[in-house]
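One structure is given here, and the rest of the page talks about it.
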Amino acid sequence: MIAEAVRAKSPRQIDDGVIRNLGLVGVLIILVIIGIVTRPELYSDPTWVRNNVLTILQQASAIGVVTVGMTFVIIGGGIDLSVGAIIALSGVWATTLATQSYGAAGMIFTALVVGLAVGVVNGVLISYGKLVPFIATLAMLVSARGLAAQISGKQTQVSANATINDIASTKLIGIPLLVWILAAVVAAGWVLLNRTTFGRRTVAVGGNPEAARLAGINVKRHTLMLYALSGICCGIAAIMLTSQATSAQAAMANLYELDAIAAAIIGGTLLSGGRGTIVGALFGVLVFSTITNLFAINNLSTEVQNMVKGGIIVAAVLIQQFRYRSLTQLLKR
Amino acid sequence: MSALSRRRVLFGGAAVSAGALLTACTSNDPGTDAQVKTNSSGDANAAPGTKVVIGFSAPAADHGWIAAITNNAKAQAGAYTDVELKTVEAGADAAAQRAALATLIAQKPTVLVMLPHDGKELNATGLEAMRAGIPVVNLDRAFPSQAAYRLQIKGDNFGMGLAAGDYIGAQLKAKGVSNPIIGEIPGIDSLELTQERTQGFNTALAAYGFKVANRRPAEFTADSGQASATALLQALPKMDALWNHDDDQGIGVLAAIKQANRSEFFMVGGAGSKAAIDAISADNSVLKATVTYSPSMASSAISLARLIGQGKGLNDLVELQVPKQITLASETITKENAAKYAKLGF
Amino acid sequence: MSDPSASAGTATGGDPVLRLTDVVKTFPGVRALDGVQLEVRAGEVHCLLGQNGAGKSTLIKVLAGVHHADSGEISWLGEPFAPVTPQAAMRAGIATIYQELDLVDDLSVAENAFLGHEQSRFGFTRRRSSAASTRQILARLGHPEIPPRRLVKNLPAAGKQIVSMARALSHDARLIVMDEPSAVLAHDEVANLFRIIRELTAQGIAVIYISHRLAEIREIGDRVTVLKDGRTTAANLPARSTPTRELVGRMTGRSMEYVFPPRRPAPEAEPVLVVEGLTRHGEFADATLAVAPGEIVGIAGLVGSGRSELLETIFGARRADSGTVTMDGRRITGVGAAVARGIGMAPEERKSQALLLDEPVYKNMTLASFSGFAHGGFTDTRDERAAALRTADQLELRPRDVDRPARTLSGGNQQKVVVGRWLLGGTKLLLLDEPTRGVDVGARAELYQVIRGLADDGVAVLLVSSEVPEVLGLADRVLVMREGRLVHEAPAEELDEDTVLDLVMAGSLLEGEPA
């Protein structure tokens with residue numbers, strides 16, 4: 001009897017997340033249809049279409065990796081405004097002449113360690129220093145970019161390392177390596193959130209920190225780990241971006257924090273914590289990347305593009321609120 | 001944290017990040033020599049004359065181009081035995097620069113050279129120095145009042161666009177392309193200098209009957225250049241020519257072109273960085289030319305300030321004094337003349 | 001048993017200004033007001049008496065326009081009255097002074113007094129005339145010494161209360177409701193408060209006065225209305241002459257008897273939990289107690305007596321200033337250690353302190369134990385759901401669906417989820433803070449069965465409740481807590497409700513015996 005009940009999983013649970021993601025898939029399809037209607041001559045070439053899909057994925061890869069980390073932080077009840085700055089610091093540190101002398105492995109190692117270290121500092125300030133995440137990471141945004149500018153002397157540091165530079169142009173089975181990296185991070189993020197004790201703690205800490213604490217979960221240590229995770233994601237993204245631009249500088253990854261937060265939110269992550277999905281966040285990133293692509297192929301100005309992005313964020317959140325309300329009302333009946 | 005206060009992040013973060021945007025408009029290779037003009041011995045103006053004390057002020061180096069300005073001024077002054085350069089850091093804003101200049105003026109230099117934070121805000125300081133009998137040389141950012149300076153020397157944003165458009169138009173015409181597809185990657189689109197460059201570009205292309213097919217602004221950074229170029233290349237599966245406004249973001253633009261495996265077009269850069277000039281002379285990429293907006297103007301400013309201080313004119317001009325206004329031509333660097341410009345790259 | 005018409009002769013003979021007839025207010029799962037009768041006359045001090053949860057707060061909020069009555073009649077100055085917003089109630093002349101004074105600390109006395117109806121011209125506040133009006137009102141309250149421009153945060157508690165009253169008078173209030181106004185005051189300040197109340201009533205203003213302290217009711221009150229379980233059990237009793245026994249009887253008289261499971265003789269066992277001299281300054285002092293396996297120990301005490309704080313400190317969620325907590329001979333220093341040693345806690349505020357409302361029941365049940373189900377860091381939701389379902393059956397959770405979000409459960413079933421969380425964790429000591437708060441009457445009996453069943457299985461239970469019958473009926477041994485101290489300890493069989501109430505409210509009830 002128990003086994004039966006265990007097997008018969010309640011439909012409610014599945015619906016919520018799947019419907020949300022279906023909505024975003026719908027938006028993606030609409031965007032593609034608009035592309036086909038407005039530029040039929042481009043979409044009539046299968047090679048171009050294949051290339052375009054890979055381009056959209058590739059341009060979404062670095063910000064996608066950052067968004068996975070950001071999603072964890074937001075589900076855990078925090079926010080990380082410093083992701084763009086961490087990327088800049090990691091990228092700049094990894095491309096100093098001294099670091100470059102250690103080769104590709106040294107550069108990758110440096111980027112990851114710098115990202116992790118900055119994330120740990122964020123986490124310590126927030127968990128143990130009891131700073132509001134907004135303040136702590138805002139301060140980190142300013143100071144990490146400052147340190148990056150200091151290290152680079154405000155100059156663009158060109159990567160002379162062929163291995164690093166080739167990451168962006170390498171393909172495996174016809175698919176860019178950057179897209180594989182994104183896929184790996186998303187898959188790992190999904191497993192981590194949905195299948196591990198770490199993910200369970202994240203939801204608990206963000207959903208009701210007091211309940212988590214009284215259930216014996218070490219909320220402070222877990223919060224620290226979430227920011228460290230976000231930092232590592234930034235380190236990975238720094239390598240990806242450095243490879244794409246074959247250089248790094250203090251102003252790189254400008255406003256990535258906003259894109260990552262926006263993508264997480266339209267992917268269904270609750271800004272107050274406790275609820276969110278990795279797949280939704282990925283779709284959020286892809287929607288933005290596809291909009292950029294759509295505006296580019298139609299030669300529309302980036303100002304209009306930003307307005308549309310803003311509109312989509314508002315619409316997504318409104319729809320979620322509406323659906324959430326109607327869902328709870330349904331359950332009450 | 002409440003949802004409301006988190007939402008404010010979106011705006012607060014934007015404001016802070018915008019400040020970080022301008023940090024690196026152009027690259028500056030650390031190893032590059034400063035741009036110095038050594039006069040030939042036959043030149044009458046080269047002979048040491050009366051001693052000239054030149055006061056110099058430029059904003060603290062917030063990006064490579066400004067750093068090059070200060071370096072050039074110092075190096076050029078060092079090339080003269082009869083010039084003493086007194087530099088003051090201009091600090092972080094116009095007010096700080098005003099204060100710094102006040103102390104400099106009190107020391108009564110023979111000539112004052114300055115790159116103001118903002119021409120309008122330092123207009124009064126220029127007037128004050130002129131009234132005190134100190135000729136003022138204004139670098140790049142104009143004073144509204146004619147009476148506030150003795151000499152103004154500046155670059156030409158509209159001219160940059162014009163030069164780039166001319167080069168592209170002439171090249172395409174020579175190749176016999178009748179209906180070319182031309183791409184453009186400007187820098188930060190909301191800046192006046194970007195708009196002037198684009199206007200110049202469109203004006204020159206119009207003379208050939210050409211126009212820009214697609215325009216994707218970047219942010220003067222390599223990673224934004226890569227992103228914009230990738231989008232542009234995807235939008236234009238076949239392209240004939242591309243103008244990228246800024247050689248620094250051009251690092252990313254060139255990376256994107258290489259990653260997309262494209263080579264059917266040629267590209268023109270902007271500003272004239274050393275890396276770009278090297279690439280042009282090596283002729284192993286799509287980058288075939290770049291149009292200058294050179295910090296060498298600081299070197300020239302010191303030379304001219306010395307002449308003003310000594311009451312001398314330019315040798316090749318009939319007039320006995322240095323002119324009042326000099327706008328540098330935006331020069332087009334190609335493989336043919338790259339060697340000549342190599343030392344001017346910054 | 002209730003006899004609303006039992007109206008005795010009154011000291012004051014003003015006309016009735018406020019009359020409530022059969023007022024009902026329900027919240028999901030709770031019938032907070034279940035037929036309230038109340039009559040207040042001009043110029044009288046009408047006292048409201050009742051235990052925690054009797055409906056006093058809800059009644060105040062209905063009058064203040066915060067809640068809206070579901071049915072029944074309210075007439076104010078002879079007209080039907082149904083304030084839609086607090087502002088509407090204020091405008092109608094009913095002002096409320098809450099226990100937590102709702103003043104804005106960073107505004108001045110005058111700004112607070114006229115908050116919400118600022119004197120202004122063309123959108124600019126008229127500071128000079130506000131200050132003058134405020135000065136007048138303060139003089140009327142006998143406190144001309146309070147400067148109208150002083151920031152409220154710089155005033156003592158008594159001063160703040162004066163400002164609250166000034167705000168009421170700035171609205172020309174004809175009725176002022178005071179919710180335990182003496183709770184924040186020192187002894188001599190209470191005397192001053194009474195002087196002000198007398199001056200107000202002399203001006204024909206009616207006052208509804210709520211307090212636990214019977215002595216105060218005797219001193220300032222004219223008539224008393226008693227509430228119990230949302231009903232008026234006695235109306236218009238004379239405040240000075242009604243015997244204490246009668247008042248207490250009306251407060252505690254059961255409209256419904258709870259069924260408590262039978263006790264078993266507790267096995268003689270060494271205590272698992274030993275608390276010695278535990279102190280947190282300003283909350284509780286020198287608490288010493290012990291709980292043995294299979295034993296239910298109940299702590300009776302009012303809100304604010306320090307009982308919840310004591311429980312949380314035992315659990316390690318608050319840091320003790322001095323004293324020790326040991327479980328099985330091991331010191332407990334924090335929540336992590338407490339959980340590891342087998343202590344579980346069901347906190348007072350279930351929704352904000354215990355539950356992940358949007359998460360399914362089974363994840364809420366395994367919140368303290370999911371790591372134990374996991375293999376190498378990977379959660380095993382299948383095992384978790386099976387175990388949760390077994391526990392749900394044991395606790396008779398309804399509906400029997402562990403995938404349903406916790407939000408959709410009733411209060412009693414939510415409490416079962418929290419208790420189930422600790423059962424799954426193999427807890428040896430369960431700390432229960434107000435386990436039946438927000439649980440409807442029918443479900444309470446079930447919870448009592450569950451708790452007794454746990455004890456029978458050898459779990460030690462330490463329980464806190466402000467419902468004296470609950471403590472007496474459920475616990476084997478009772479500790480009485482008053483003003484931060486454990487003042488009495490006895491087996492439950494040796495105590496009755498009145499005795500415990502006397503102990504809980506000592507210093508008020510007994511002193512308040514009419515001469």
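Here the Cβ of each residue, glycine as well, is placed from N, Cα and C on the backbone.
Look at TrEMBL and you will find A:21-40, A:60-89, A:101-125, A:131-151, A:172-193, A:224-243, A:278-297 tagged as transmembrane segment.
Below 8 angstroms of C-beta separation, residues 266-268, 277, 279-280, 283-284, 286-287, 290-291, 293-294, 297-298, 312, 316, 319 of the same chain, each at least six residues beyond the ends of the transmembrane segment (A:21-40), sit close to that stretch. The transmembrane segment (A:101-125) shares more Cβ pairs under 8 Å with A:224-243 than with any other stretch in the list A:60-89, A:131-151, A:172-193, A:224-243, A:278-297. Outside the transmembrane segment (A:60-89), and at least 6 residues removed from its termini, the chain residues within Cβ reach (under 8 Å) are 114-115, 118-119, 122, 126, 133-134, 137-138, 140-145, 147-148, 151, 176, 178-179, 181-182, 185-186, 189, 192-193, 202-203, 205-207, 209, 222-223, 226-227, 229-238, 240-241, 244, 248-257, 259-261, 263-265, 267, 269-278, 281-282, 284-286, 288-289. Outside the transmembrane segment (A:278-297), and at least 6 residues removed from its termini, the chain residues within Cβ reach (under 8 Å) are 17, 20-21, 24-25, 27-28, 31-32, 34-35, 38-39, 42, 52, 55-57, 59-60, 63-64, 67-68, 70-71, 186, 189-190, 193-194, 259, 262-269, 304-305, 308-309, 312, 316.
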